[in-house]
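Heads up, the thing below is written out as structure tokens.
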Amino acid sequence: MKTQMNYAKEGVFTKEMQIVAQKENLSKDFLLENIACGKIIIPANINHKSLDPNGIGFGLRTKVNVNLGVSNDCVDYSEEMKKVELAHKFDIEAIMDLSNYGKTSRFRDELVNVSKAMIGTVPVYDAVGFLEKDLKQIGAKDFLDVVYHHAKSGVDFMTIHAGINSRAAHIFKQSKRLTNIVSRGGSVLYAWMMMKDAENPFFEYYDDLLDICLKYDVTLSLGDALRPGSTHDASDGAQISELIELSLLTQRAWDVGVQVMIEGPGHMAINEIEVNMQLEKRLCKGAPFYVLGPLVTDIGAGYDHISGAIGGAVAAASGADMLCYVTPAEHLRLPNLEDVREGIVATKIAAHAGDIAKLPKERARDDEMSKARQEIDWEKMFKLAIDGEKAKKMFNERRPDDLNSCSMCGKMCAMNTMNQILKGEDVSLA
């Protein structure tokens, strides 16, 4: 089976590439060149028939991913499907099913069947439930069986923590971290490696993993098991050593035509974000960077969507290609529907803010909003807002008598004052 990368290397412009070119207003040659060298990916499993393809990477708009899925404390698949509907409503490009309890295949199959967004999973989360074995009883190649099952089901990308090999684990042991390993999948693999005194199975059998990805054109999202879970731990030796391992694994994947993106931090002080984005691009030769925030402070519990949006905007402006959303429930509980909505909007704002910095053409919508505000065209403002539904609701909650203003300024509305005086009309505030 040929992947999007293989086709690009041969100069074949696939239907998925055509769709992305139209969405992003990019030339055929630009896309082919950058997909062929790994700087742009189009995650598109051959079995995901409902997919509306999107590209991730150099010269493209920053994409947003929404996490959802059940846990052993909250098993309500109907609520998770409502989260999917909400993600579709906001035109989210990627959805990850992070279910980590029970038999997850039925929900995943339904997700692939109905979702136009690219679907991602973390197969190691599913290992115990799928294999019906406790962690210590799982064999190295058993993990590949889970990967194969996910790939065959139609998921477009998978988080695989192949970089936490014995070398990276040794460096981690010497680190003086406050929060150790905060990656759920990374902690499971590290525990397995320690209990079995064995190499990371995804690293040991990486070539077999690539064969599975090739068969279904699954994009590898190389997970950062050693990402910092606190600002104290950011940019330490453990994080960077794993990134170096991921850079080597990226080249091995590219050599056979498997598409790759790199996952990144995490928690990180705002002044460290730009250099971390540059470091990933340098080490991984421009591979798309998918960051989890980053959260710029550790004390925002209940408001971590704000911390994540601040970091995400800086990351996107500095080269990050996809942002994983963060909700107000982060670090506290499984998010509900309102949490998901708040997380989506905050992250879309961050992504767009970053795009304004790196893609000048993305300012057009903001300019239209500014014109609508000057013209006091409320319906146009609601239409242009990222969450126009909330904007309209808030306006109507204290709807003014005079629609040439809002209830904040009334007759002292600066826009209305200037519109009148510049037309030569008298301004009355009485």
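Cβ atoms are placed via backbone N, Cα and C, with glycine included.
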### Query
In Swiss-Prot, the substrate site includes ASN67, MET96, HIS161, SER183, ARG184, GLY185, ASP224, ALA225, LEU226, ARG227, GLU263, TYR290. Which of TYR7, TYR125 does it also list there?
TYR125
### Query
What three-state secondary structure does DSSP assign to CYS413 ([4Fe-4S] cluster binding site)?
coil
### Task
Quick one: give me the count of other CB atoms within 10 A of the CB of HIS331 (Zn(2+) binding site).
13
#### Entry: Integer Cα-Cα distance in angstrom, CYS413 ([4Fe-4S] cluster binding site) to HIS331 (Zn(2+) binding site)
42
### ALA225 (substrate binding site): tally of other CB atoms within 10 A of its CB
32
### Task
Just jot down the residues in the same chain as SER183 (substrate binding site), at least 6 apart in sequence, with C-beta under 8 A of its C-beta; none if empty.
HIS161, GLY223, ASP224, ALA225, LEU226, ARG227
### Message
I need the most crowded of these binding-site residues: TYR125, TYR290. Count other C-beta atoms within 10 angstroms of each C-beta and give me the top one.
### Response
TYR290
